[in-house]
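Right, one structure below, let's go through it.
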């Protein structure tokens, strides 16, 4: 069984390590040994921690197109349209593709799946969502007796690390961001993480699979954590509320509501105890009810666990009719119609606010008051929320949804 | 696709409900409609909440042996040797079997798997462990790139409900047991649950699958919760420790250590926040590290979620070489060689205890003292533990392992 690997960064090296470390188990399950035959990288001279002797190492992708002995391709190099085009070439030849590339997949998965299906190839991408957690497999197989109505997850380790440090240790946002950069969780330009865009790609892939609908990523609203203030976290903490950046989506006859935003969760919520760089995904099915899947969201070997399991599973199923989920319909994305509770900090004193909120028939309790007033509302409907946001006499300094009844 | 169901209690009715509720999705995945052709029950006259019109309802199992149109059998009736023999008959004809019967499987799964493999049939049993949580699927597929070294779970909803009530509400054991019986979680004779035997069967099935070893259930030590005293829970709670009945096993070159026992967990441990009748399983793999899977451990539709997913998955894979894991070796069960911390309540005053523990070179901190003294030890080795237990001058009134460093 010959394997080509595109990209040899942290995850690529992790794949090589895991294939070696667990060689005997993997060969047993696959019925044959895996040989890494080709590795494609940008820089063939770079020093790497893994032994690539006997591997055809190349920086020319056409070397791989020409090879007729590749059975599966693992793509862990990133990139958008170029990478899509490369993967299409392999799928067109009926070669299975395993990708960890959430950025590209969130945009082009439907296109790639179509090519895969036309050529009886499998396209698997477990590692692209929540790292080592086998959440796509759980949705596609373990929970497939269910219609799924809700998915909610802590899908980005960097932001979860930052929010955990702010919540547990009272660090401000800048200090927590700096440490996560020093530790290698966050990149020099952290926009993708702290802006919520990484989580956005993952909730798109999760929602597509859970609801069997195409999801247009450009329709998914995103709020990052870059404007989160420590004082709001601390005020809410006293009330037993923990701030988490969540990707969440709900699906029903009316359509799909989906977004990424920082949300306050009750401290006894399963997702609240998911700290630091860990990830977790909550799935609600109409038979099973509430389930949650927890584990590492990143890391070389951790992510490679998902990549290599994909490899084993696609190989064990080779030769039978392939099942790549191919949604026929596109989800109609709509604002949430549910009534939610909100944590709101107004630029107003409590007395003035009282009449204002009474006039809008909004019930609330005050958490903190002074020149600004922080409240938690009872569940309010989207109209009331809109009125609150639009009143220019009562500016909202900060607003977060609060999960729970 | 014709389906026979053996047993029509809570889970059997749940299966009928889920097949109806999610008919369109299930048919789509399976490529054809599922028809419940036969139902075997003890009492055909009993009133049931589900519609069994057009189903051949029988109390004579030989009616099903005679039928030549059954493609798969779901067994949700319980029973030991009789049930094993019945299931063998179906497997011998190459008919797939899905069973939720942990009691029988924990003892006879190797025997049944052998028959299944000889006849190219699949034997699936997701529902037998942790209800609706797709944990067996996760171990067998989602995490199969890993060698697994540790599995630990809250595997019994009744005992978790009782311990949660004792911990959160200060109820004593008897009151919590009574309520769990009133709510229908615990049976009139609660021995299987509170004695830890239900969890024992589940940790046997989990360990067998995780480590690819046969496990002799009679070698697995069990301590139930029937002797747990509220005062120990309350003393430990002040230290941030939560008592949970866990099934846990660790596997390495030296063998398998496995047991069921009440254990104190730190309150920030992922399993600590699993409350009431919920279940969760923690799995540690050598690539992925720590993962956890959470959900409902019981219930009609919840358990049926696992049963019906097994049905879909075995049918989608029909026609290819079957993979029923068949361990070739039997695990050598040994006592844990790890050093653990212990919560111990001695029938002794603190002063007298001090010299005693110093003599044994056991470090500890005192949680509570008086006529009895409660301590938490630093990690001690199995020999020190044995010496502590055997000293007749310092009787141990209660002892629990404490998870963590």
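We count from 1, first residue shown onward.
Every residue gets a Cβ built from N, Cα and C, even glycine.
Remember, TrEMBL labels are computer predictions, not curated facts.
Taken straight from TrEMBL:
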BINDING   A:6, A:7, A:8, A:9, A:10, A:11, A:12, A:13  NADP(+) binding site
DOMAIN    A:7-126  domain 'Aspartate/homoserine dehydrogenase NAD-binding'
BINDING   A:102  NADPH binding site
DOMAIN    A:134-312  domain 'Homoserine dehydrogenase catalytic'
BINDING   A:187  L-homoserine binding site
ACT_SITE  A:202  active site, proton donor
Residues close to NADP(+) site centre defined by A:6, A:7, A:8, A:9, A:10, A:11, A:12, A:13, Cβ within 8 Å: A:5, A:14, A:15, A:76, A:77
Binding-site residues (A:7, A:9, A:12), the one with most neighbouring Cβ atoms at 10 Å: A:12
Overall pLDDT for the domain 'Aspartate/homoserine dehydrogenase NAD-binding' (A:7-126), taken as the rounded mean: 96
Residue A:6 (NADP(+) binding site) versus recorded positions A:102, A:187, A:202 - nearest by Cα: A:102
Assigned element (helix, strand, coil) containing residue A:11 (NADP(+) binding site), judged by DSSP: helix
C-beta crowding around residue A:202 (active site, proton donor), within 10 angstroms: 25
Lowest local Cβ density (other Cβ within 10 Å) among binding-site residues: A:6, A:11, A:13: A:13
Rounded inter-Cα distance in Å - residue A:13 (NADP(+) binding site), the residue listed as 'NADPH binding site': 18
Residue A:6 (NADP(+) binding site) in three-state DSSP notation: strand
Residue among recorded positions A:102, A:187, A:202 with Cα closest to the Cα of residue A:12 (NADP(+) binding site): A:102
Length of the line joining the Cα atoms of the residue listed as 'NADPH binding site' and residue A:8 (NADP(+) binding site), in Å: 17
Integer Å distance between the CA atoms belonging to residue A:187 (L-homoserine binding site) and residue A:9 (NADP(+) binding site): 15
Pairwise Cα distance for residue A:7 (NADP(+) binding site)/residue A:202 (active site, proton donor) [Å, integer]: 21
Rounded Cα-Cα span from residue A:187 (L-homoserine binding site) to residue A:10 (NADP(+) binding site), Å: 14
Among A:8, A:11, A:202, which are recorded as recorded positions, the nearest neighbour of the residue listed as 'L-homoserine binding site' by Cα: A:11
